Amino acid sequence: MGFNVPVINRDSEILKADAKKWLEQQDNQKKCVLVIVSIALLLDNMLYMVIVPIIPKYLRDIHNYQVTFEGYHNETSQLANGTYLVREVGGRINFLDEELELGWLFASKALLQIFVNPFSGYIIDRVGYEIPMILGLCTMFFSTAIFALGKSYGVLLFARSLQGFGSAFADTSGLAMIADRFTEENERSAALGIALAFISFGCLVAPPFGSVLYSLAGKPVPFLILSFVCLADAIAVFMVINPHRRGTDSHGEKVQGTPMWRLFMDPFIACCSGALIMANVSLAFLEPTITTWMSEMMPDTPGWLVGVIWLPPFFPHVLGVYVTVKMLRAFPHHTWAIAMVGLAMEGIACFAIPYTTSVMQLVIPLSFVCFGIALIDTSLLPMLGHLVDTRHVSVYGSVYAIADISYSLAYAFGPIIAGWIVTNWGFTALNIIIFATNVTYAPVLFLLRKVHSYDTLGAKGDTAEMTQLNSSAPAGGYNGKPEATTAESYQGWEDQQSYQNQAQIPNHAVSFQDSRPQAEFPAGYDPLNPQW
């Protein structure tokens, strides 16, 4: 017997046995997997965005940059006692290479994530989903703790890059685990939609979370909180480890996933990957540039309102996830149309952003942008799992590594490209480019209409081929009337009889060395005699 648990007044061993029994049920396992993966994705995106309000000010406070003073002039005044007071006024402080160093610090996580993802997908396909996820979450715990305690730019850059290494394992294995546990199409779409909602929530709640805690308790506190949540989530993964889930195939051999390079060659997967990149380019372009544009075009906007401009669009994003899941259930063969509408909607909304003149007006196109992103992500991520199921091997590590690479490409190079475009051509040109690229890529998704029809035709073709092969086999062709044996009837005969318990053929009958049921003929049968 264990100890008595206070409040609920129950023995600890009984509670442990009840919890184990509850976890052994498949539906409860699925719920736990979804909660664990959603928390992991929430943490990863919070770590990506929480530094936005903290690090620029922190690097200035620790005197990380060389400083020059520009535009100052002396102003002299005489006090009543005859003392002259000289002040420098009218200038500004220039922090040398600030944008460059901030850009590398922001992009280092996504850049390393791009390079690690091919290896993480390969490892996940070989060893399963749970252990790589634990590795990724533990790496995120250590890297975030280092980031919390680091006091120099070099240490912060190292910790930030290490976060990308952990995210490459945690994100990919999390999405693959959902696809592996939720095998039914509608169920998988709903689960991935919930995970995507947590991704969006992490991106939107992280800046206010970091800003408030940084102002109240200093830099280490928000990062230490996130690091210990990472550790707790890694411990929770041990509850859902199922080492026997990915076993062997019908021949007793371990199932091997399709190599990533071969998945890249699949035109349907390549089309989905491109759409995921285009969907996230808008956010990757707008997030680092819209604040500066608002300060120029809407100078009377309070600073706190600029910081929470992305919070209202979170609700349309959740609504988009819900609508997409419902539409996929009603129109399962029109996934491509939902994604096409979302991409076009996103581009048109970006085109309208530069023409807004108030915060309330700006919220409307941003809401449509997030709604369109929800349509694209929620429809295409389940399709990646479906493509692997129908065209490759049902091992999901590499295909969701491709999805993670798509996100990382957008967020690694998006801020750099957007900054260059805004500097040379302006913010309006940036949004026109987003509109043009999204609307141009949207018709490409029309190629995905063949995904489900290909699956149907392939199944019919396989059945017809099996029927033809069995029709030409010697099982039923010796009586002059070839008998077609379908794959189902042949499999059913194998299930009912084993090779050792076949019906014994009399000695005077003609026997054939074949494992399937044979026709029996009377003694003296001559197949070449036309009398027979």
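Cβ coordinates are placed from backbone N, Cα and C, and glycine is handled just like the others.
According to Swiss-Prot, the N-linked glycosylation site annotation covers Asn74 (among others), on the basis of sequence analysis.
Secondary structure at Asn81 (N-linked glycosylation site), taken from DSSP and collapsed to helix, strand or coil, is coil. Asn81 (N-linked glycosylation site): 5 other CB atoms within 10 A of its CB, across all protein chains. The N-linked glycosylation site annotation in Swiss-Prot covers Asn81 (among others) and is backed by sequence analysis.
Residues annotated as topological domain 'Cytoplasmic' in Swiss-Prot, with sequence analysis given as evidence: 1-31 (among others). Using DSSP to sort the residues of the topological domain 'Cytoplasmic' (1-31) gives these counts of helix, strand and coil: 18 helix, 4 strand, 9 coil.
Summarising the annotation, Swiss-Prot assigns topological domain 'Lumenal, vesicle' to 53-101 (among others) and lists sequence analysis as the type of evidence.
Per Swiss-Prot, topological domain 'Cytoplasmic' is recorded for 122-130 (among others).
Marked as topological domain 'Lumenal, vesicle' by Swiss-Prot on the basis of sequence analysis: 152-160 (among others). Nonlocal intrachain contacts for the topological domain 'Lumenal, vesicle' (152-160), taken as residues 6+ away from its ends with a CB within less than 8 angstroms of a stretch CB, comprise 51, 55, 59, 62, 64, 101, 104-105, 108-109, 143-144, 146.
Marked as topological domain 'Cytoplasmic' by Swiss-Prot on the basis of sequence analysis: 181-191 (among others). Counting residue by residue with DSSP, the topological domain 'Cytoplasmic' (181-191) contains 8 helix, 0 strand, 3 coil.
If one looks beyond the topological domain 'Lumenal, vesicle' (214-219) by at least 6 residues along the same chain, the residues whose Cβ comes under 8 Å of a Cβ in the stretch are 53-54, 58, 148. Summarising the annotation, Swiss-Prot assigns topological domain 'Lumenal, vesicle' to 214-219 (among others) and lists sequence analysis as the type of evidence.
Residues or ranges marked as topological domain 'Cytoplasmic' in Swiss-Prot (evidence: sequence analysis): 243-266 (among others).
With a threshold of 8 Å between CB atoms, the same-chain residues lying at least 6 positions outside the topological domain 'Lumenal, vesicle' (287-303) that come near it are 106, 309-310, 353-354, 357-359, 362, 414-415, 418-419, 422, 427, 430. Taken from Swiss-Prot, the feature topological domain 'Lumenal, vesicle' covers 287-303 (among others).
Residues belonging to the topological domain 'Cytoplasmic' (329-335) score a mean pLDDT of 85 in the model. Positions annotated as topological domain 'Cytoplasmic' by Swiss-Prot, on the basis of sequence analysis: 329-335 (among others).
Taken from Swiss-Prot, the feature topological domain 'Lumenal, vesicle' applies to 357-367 (among others).
The feature topological domain 'Lumenal, vesicle' is assigned by Swiss-Prot to 413-418 (among others).
For 441-532 (among others), the entry in Swiss-Prot reads topological domain 'Cytoplasmic'.
Residues or ranges marked as transmembrane segment in Swiss-Prot: 32-52 (among others).
Within the chain, the transmembrane segment (102-121) has long-range Cβ neighbours (under 8 A, six or more residues past its boundaries) at 47-48, 51, 55-56, 59, 132, 136, 153, 156-157, 160-165, 167-169, 172-173, 260, 288, 397-402, 404-405, 408-409, 411-413, 415-416, 419. The transmembrane segment annotation in Swiss-Prot covers 102-121 (among others) and is backed by sequence analysis.
Counting Cβ pairs under 8 Å to the transmembrane segment (161-180), the stretch among 32-52, 220-242, 267-286, 304-328, 394-412 with the most such contacts is 394-412. Across the topological domain 'Lumenal, vesicle' (152-160), the DSSP tally of helix, strand and coil residues reads 8 helix, 0 strand, 1 coil.
Within the chain carrying the transmembrane segment (32-52), a Cβ under 8 angstroms from the stretch's Cβ atoms is held by residues 23, 105-106, 109-110, 133, 136-137, 140, 144, 160, 163, 167, 170-171, 174-175, 177-178, 181, 191, 194-195, 198-207, 209-210, 222-223, 226, 229-230, 233, 236-237, 239-240, 411, all 6 or more beyond its ends.
Sequence-distant neighbours of the transmembrane segment (336-356) (same chain, 6+ residues past either end, Cβ-Cβ under 8 Å): 275, 278-279, 282, 286, 290, 293, 320, 324, 327-328, 362, 364-366, 368-369, 371-376, 379-380, 427-428, 431-432, 434-439, 441-443, 445-449, 451. Beyond the transmembrane segment (131-151), the same-chain residues lying 6 or more positions past its ends with a Cβ under 8 Å from any Cβ of the stretch are 37, 40, 43-44, 47, 62, 120, 123-124, 158-160, 162-163, 165-174, 177, 219-224, 226-228, 230-231, 233-234, 237-238, 241, 397.
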